[in-house]
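To keep things clear, I will list the structure first and then write my remarks on it.
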Amino acid sequence: MGDSKRHRILMVSDFFYPKFGGVENHIYLLSQCLLKLGHKVVVMTHAYGNRSGVRYMTGGLKVYYVPWKPFLMQNTLPTFYGTLPIIRTILIREQISLVHGHQAFSTLCHEALMHARTMGYKVVFTDHSLYGFADVGSIHMNKVLQFTLADVSQAICVSHTSKENTVLRSGLPPEKVYVIPNAVDTAMFKPAAERPSGDEIVIVVISRLVYRKGVDLLVEVIPEICHMYPNVRFIVGGDGPKRVRLEEMREKHSLQDRVEMLGAVPHARVRSVLISGHIFLNSSLTEAFCIAILEAASCGLLTVSTRVGGVPEVLPDDMIVLAEPDPTDMVQAIKKAISILPIIDPQEMHNRMKKLYDWHDVAKRTEIVYDRALKCSNQSLLERLSRYLACGAWAGKLFCLVMIIDFLLWRLLQLWKPADDIEVVPDIVLSHDEDRGISQDFQAFNKDHSLR
Amino acid sequence: MDNNIAENPSPTRAKWRKVAYGGMQPGFDDNHIDDSFLEGMVMNANVVKRDMLKVMQDSVSISQYLCIVILVGLVWNYTLRSTLDETSLLYLDVSLLGSGFLVLLLTKEMLSVDLRLHYLLNVFFFTTGLYVLAPIYQTLTRSISSYSIWAVTVSLLILHLFLQDYSGSTVRAHGALKNPTLTSFISLNASVVASVFIASRLPSRLHVFAIMLFSLQVFLFAPLVTYCIKKYSFHLHLCFSFSLMAVTLAFVYTLHRLLFVLLLGFLVFVTVVCPYWLIRMQEYKFEINGPWDEAKLCFDITD
């Protein structure tokens with residue numbers, strides 16, 4: 001690969017290993033695949049406990065754990081300008097050419113993108129979640145997103161529904177927003193060699209047990225299904241504030257022997273739980289993409305899910321049964337799933353998933369977005385300010401002020417600590433073992449991580 | 001889906017599908033915008049169309065309560081200027097209490113003897129308590145100037161009016177389902193504090209007792225009584241409100257011309273201009289719903 005085509009990317013998000021979830025997973029696997037494509041990838045996140053400083057992960061992925069403590073839900077305190085010096089130093093030290101921020105909730109991501117734009121870098125933003133328009137929280141969140149996206153080079157969303165949502169929230173021209181879904185590591189989620197036999201049907205639920213994951217729907221659906229089918233058993237993996245509700249339901253209907261509660265399942269053990277079942281049930285109330293469905297389908301499970309957000313786009317119609325988020329409709333959907341279960345072949349389903357989703361494909365598509373972002377023309381401060389001014393009567397002026405101060409601080413920093421004084425880090429060239437698949441790396445990644 | 005592609009007249013350009021699987025769709029970039037983009041968006045789905053006359057009728061409740069508060073203020077003023085002595089104040093209290101009970105009895109179909117006794121007992125405790133506390137109230141703000149007290153009282157009354165729940169009553173009608181909100185409690189407390197402040201400026205203990213009883217009766221039970229009237233008959237409610245307004249305007253006119261003009265203007269503003277504004281502002285309503293919204297559960301969660 002020619003050096004001219006080689007990007008030097010800084011991934012920024014508050015959410016990264018050692019925490020575990022959809023975004024963390026996405027950043028890690030995307031970075032690994034980009035490294036394989038010959039790009040240089042550096043990740044920046046905040047310190048987790050005593051995990052602070054610079055660390056190397058599998059495949060030479062360098063991670064900066066910035067010593068900046070999280071204050072709420074793993075987010076750093078929004079200081080606007082506090083992170084400018086360290087971000088500038090990292091950008092110069094690592095000779096970064098492009099900054100890629102992840103997740104709209106992450107304050108570190110917003111700050112990094114702002115500073116990177118001030119310094120004239122091209123930035124790409126990936127939105128991983130859906131947001132409404134009605135309540136006070138989302139109105140403010142959407143304004144912040146509008147601020148960050150006002151000057152972003154390109155944006156990526158994980159599903160078409162998510163793209164519609166992001167375009168509406170941020171007022172970004174839709175042709176600047178790309179849809180690149182998540183993927184699943186099919187090598188890690190293989191179906192069992194032999195399907196659990198007998199006429200017993202096992203329905204698996206793995207999710208955090210919180211309101212947004214629709215635990216209240218499960219509480220209505222599980223007793224009804226157990227009543228209708230004496231041969232159905234449930235396995236519920238995950239933990240959370242709504243676990244008590246499920247346990248209450250189990251006591252009330254005396255289903256202790258038919259509903260098994262596993263508690264938090266470490267991600268490395270998710271496959272072993274999945275392959276012990278036949279049907280995967282997802283009851284989320286909102287979902288931009290839902291990786292859990294992919295993992296289940298890759299293990300050869302038939303999925304029953306609520307028709308919310310981006311879920312209908314995730315799988316072909318014959319691999320998923322969709323239902324409205326309403327207990328009676330969900331019971332109907334589970335009935336339908338049980339009736340078509342005999343014609344499902346897990347191995348065939350796994351092979352189809354291999355063709356449908358691949359992280360390498362995701363990385364290649366992301367590469368195209370990077371190329372386009374770098375082709376965007378450079379703009380002067382004044383041209384950029386006019387974009388911020390268009391964000392709103394009051395907000396626009398406020399945003400402009402924030403950007404002007406950022407610009408002045410950057411200039412001051414240039415005088416105080418010239419770029420020439422910052423040492424450039426030599427690139428480490430690892431002798432890759434090319435045969436090694438990302439699956440092994442991935443297992444190393446989530447060795448001691450549990451899904452809450 | 002596969003059949004669709006086979007039937008497509010130009011096989012080189014397959015149809016774009018709104019799906020996330022299968023990698024990049026051949027012939028389309030990842031930033032392709034289909035005609036179906038934002039198809040699922042619904043605008044202003046939950047907007048209620050409002051009728052001008054209906055809104056004006058509803059706003060009468062606000063003007064009515066405003067008049068009641070102003071009447072209370074007038075009584076305070078007359079008492080402070082010693083136009084009203086304590087005996088006439090006590091007569092006023094008793095007649096108000098009697099008429100309030102009468103209205104409740106007439107408008108509520110079922111009011112058992114038990115409940116009536118219960119109410120009477122409560123009123124008795126309440127009055128005795130007030131009488132015992134009257135000497136404390138009397139000396140409460142002796143060291144503070146009257147101007148400060150009037151200023152604080154007026155601001156408390158404005159707060160009271162601002163936070164008042166005009167659709168129901170804080171003191172619940174028997175069997176009402178909805179619990180009063182925090183703001184309605186703050187509103188009620190503001191009015192009570194205002195009455196205590198005014199009472200503390202009065203010369204004798206009996207005065208204090210009479211004025212406190214009067215104000216608390218009005219602030220606690222007037223919303224309940226007007227609410228009952230409104231539920232019983234809307235026409236009666238309108239008649240009652242307009243006569244109240246007329247009485248208030250007449251009294252204010254005798255007090256001060258400028259205040260009269262201000263009050264009249266404000267009443268017109270509340271009953272005519274505000275409803276018109278509300279209806280005009282509906283045009284600017286911009287509510288977006290779509291497939292990205294969080295699903296709402298169609299049943300109640302009993303935690």
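The backbone N, Cα and C atoms fix where each Cβ goes, glycine too.
Automatic prediction, not curation, is the source of TrEMBL annotations.
The transmembrane segment annotation in TrEMBL covers B:59-76, B:88-107, B:119-138, B:144-162, B:182-200, B:206-227, B:234-253, B:259-279.
Of the candidate ranges B:59-76, B:88-107, B:119-138, B:182-200, B:59-76 contributes the most Cβ pairs within a distance under 8 Å of the transmembrane segment (B:234-253). Listed as Cβ neighbours of the transmembrane segment (B:182-200) (distance under 8 Å, sequence separation of 6 or more from its ends, same chain) are residues 76, 80, 137-142, 149, 152-153, 156-157, 159-165, 170, 207-208, 211-212, 215-216, 219-220. For the transmembrane segment (B:144-162), the partner stretch with the highest count of Cβ pairs under 8 angstroms, out of B:59-76, B:88-107, B:259-279, is B:59-76. B:206-227 is the stretch from B:119-138, B:206-227, B:259-279 with the greatest number of Cβ pairs below 8 Å to the transmembrane segment (B:88-107). Residues 50, 52, 55-56, 59-60, 62-63, 66-67, 70, 245, 248-249, 252-253 of the same chain lie 6 or more positions beyond the ends of the transmembrane segment (B:259-279) yet place their CB under 8 Å from a CB of it. Remote same-chain partners of the transmembrane segment (B:59-76), defined as residues 6 or more beyond its termini with a Cβ less than 8 Å from a stretch Cβ, comprise 84, 89, 92, 157, 160-161, 164, 166-167, 198, 211, 214-215, 218-219, 222-223, 226, 230, 237-238, 240-242, 244-245, 247-248, 251-252, 255, 263, 266-267, 270-271, 274-275. Through the fold, the transmembrane segment (B:206-227) approaches residues 61, 64-65, 68, 71-72, 75-76, 79, 86, 89-90, 92-93, 96-97, 100, 103-104, 126-127, 130-131, 134-135, 137-138, 160, 164-165, 168-173, 188, 191-192, 194-196, 198-200, 237, 240 of its own chain, all at least 6 residues removed from its boundaries and within a Cβ separation under 8 Å.
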